[in-house]
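Taken straight from Swiss-Prot:
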type: TOPO_DOM; residues: 2-16; note: topological domain 'Cytoplasmic'
type: TOPO_DOM; residues: 38-94; note: topological domain 'Lumenal'
type: TOPO_DOM; residues: 117-134; note: topological domain 'Cytoplasmic'
type: TOPO_DOM; residues: 158-196; note: topological domain 'Lumenal'
type: TOPO_DOM; residues: 219-233; note: topological domain 'Cytoplasmic'
type: TOPO_DOM; residues: 255-450; note: topological domain 'Lumenal'
type: TOPO_DOM; residues: 474-510; note: topological domain 'Cytoplasmic'
type: TRANSMEM; residues: 17-37; note: transmembrane segment
type: TRANSMEM; residues: 95-116; note: transmembrane segment
type: TRANSMEM; residues: 135-157; note: transmembrane segment
type: TRANSMEM; residues: 197-218; note: transmembrane segment
type: TRANSMEM; residues: 234-254; note: transmembrane segment
type: TRANSMEM; residues: 451-473; note: transmembrane segment
Amino acid sequence: MGLPWYRVHTVLINDPGRLIAAHLMHTALVAGWAGSMALYELATFDPSDPVLNPMWRQGMFVLPFMARLGVTGSWSGWSITGETGIDPGFWSFEGVALAHIVLSGLLFLAACWHWVYWDLELFRDPRTGEPALDLPKMFGIHLFLAGLLCFGFGAFHLTGLFGPGMWVSDPYGLTGSVQPVAPEWGPDGFNPYNPGGVVAHHIAAGIVGIIAGLFHILVRPPQRLYKALRMGNIETVLSSSIAAVFFAAFVVAGTMWYGSATTPIELFGPTRYQWDSSYFQQEINRRVQASLASGATLEEAWSAIPEKLAFYDYIGNNPAKGGLFRTGPMNKGDGIAQAWKGHAVFRNKEGEELFVRRMPAFFESFPVILTDKNGVVKADIPFRRAESKYSFEQQGVTVSFYGGELNGQTFTDPPTVKSYARKAIFGEIFEFDTETLNSDGIFRTSPRGWFTFAHAVFALLFFFGHIWHGARTLFRDVFSGIDPELSPEQVEWGFYQKVGDVTTRRKEAV
């Protein structure tokens, strides 16, 4: 076809056979990418430490989506929850990856078939012999099938009736595992953090889709509505489909960034709002106070804090800390976490406990400031030492550790105390291996940040695509300016012969 590069899809407008082929090829590419990406991630994934080196720290993107649907084991015998020597059966990470690659190959062959055999009897009206598609009925068929799939996913896969269930965890991301989930039909089903609502809504939406699909298959639209919404134009289908996709992209960008039952922090990392609101810090303090109230010492109380919970309370795991143009996983930034040093408690020479002011999410650098329980500044690391009144040396600041590697140890020399204070502005203090990955010390975002950014951007682009194609189909007669005297084949295909089309006029050799 003699068309400019930005008009490539024009060839599909009046060609349902090759439109099917294009969609099959696109799905083949998506499935092939998913399977290939899964194999690549499996080749680079280190499952040895699910607490301090989880998949989201390693930049895994497709593995968390498999895990939340119930795939947690590998044919190599490991599980993302830390078990070894397991037998996951066929539906392991590798099994799902291979299934996608095989599906991709079959879809590729189907696309080739439909590209060659594009002029099927199926696409012609049996009464007139003219090319015709019953788009409202096709909409009903697609809606019915989508509803069936949606209902089946909710009623069987998620409930465990015929499937594994879904990833369910506690509010602090400590005890997650794949479990069958019962539907929640009450008001609590609208809580975005309640997995029962996911099940109930898939079942309900599936039933609605099945009923609506049957309605559109059996009932014809009124002629006035058919003409007003251009229901006979394939570009109407494109426009409304893009609308559905961009709406879904906006929704999932929101559920990923703000958090929900479908984006557990064990698989995708914490949200930025959990750092902003001191979510994990408050839970840690609550547990410590409860232990102290029951008679435990400070060392015992802090030693009872799970390392996993302490690791969440570290700014390097905040997805808002990574710039959009800093490529690579989180581990390429601050390094691979090795151990929790313990909770640092600072005191001045009077024995008064001091609290390090933590860095807000969008700061790249932040001063080291220590305050008392009332928020009054008591110590800092000054920029101009000559004018200093609150230096660590002047205030006699010391640091004691409770829990972790340094449990029970106290440091009094100012250089050491200051080094720990600088780390304490980032939350709990951890030891990192920066050698293995040649980590550069610049924070990266988690897959949560990448997913949100990508889907928000594509949703915006697709929104404009919806407006563009919607306008084209509503005002087609104005935009096209097609001369009504042109022959039908010239309108459909231009002046260029379509390969295999015997009806197109062409010059014969003299």
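Counting begins at 1 with the first residue displayed.
For all residues, glycine too, the Cβ spot is worked out from N, Cα and C.
Counting same-chain residues at least six beyond the ends of the transmembrane segment (197-218), those with a Cβ under 8 angstroms from any Cβ of the stretch are 136-137, 139-155, 158-159, 166, 181-185, 188-191, 261-262. Listed by sequence, the residues of this chain that lie at least six past the ends of the topological domain 'Lumenal' (158-196) yet keep a Cβ under 8 A from its Cβ atoms are 67-72, 81, 202-203, 255, 259-262, 264-267, 270, 280, 283, 306, 308-309, 312.
Within its own chain, the transmembrane segment (135-157) is flanked in space by residues 69-70, 163-166, 183, 198-203, 205-218, 220-221, 226, 231-232, 234, 236-237, which lie at least six positions past its ends and keep a Cβ under 8 Å from the stretch. For the topological domain 'Cytoplasmic' (219-233), the DSSP-based tally of helix, strand and coil residues reads 6 helix, 0 strand, 9 coil. Proximity of distant same-chain residues to the topological domain 'Cytoplasmic' (219-233), defined by a Cβ-Cβ separation under 8 Å and at least 6 residues beyond the stretch ends, is recorded for 135-136, 473-474, 476. Sequence-distant contacts of the transmembrane segment (95-116), counting only residues of its own chain at least 6 positions beyond either end whose CB sits under 8 Å from a CB of the stretch, comprise 17-18, 20-22, 24-25, 27-29, 31-32, 34-36, 38-39, 42, 66, 71, 75, 88-89, 500.
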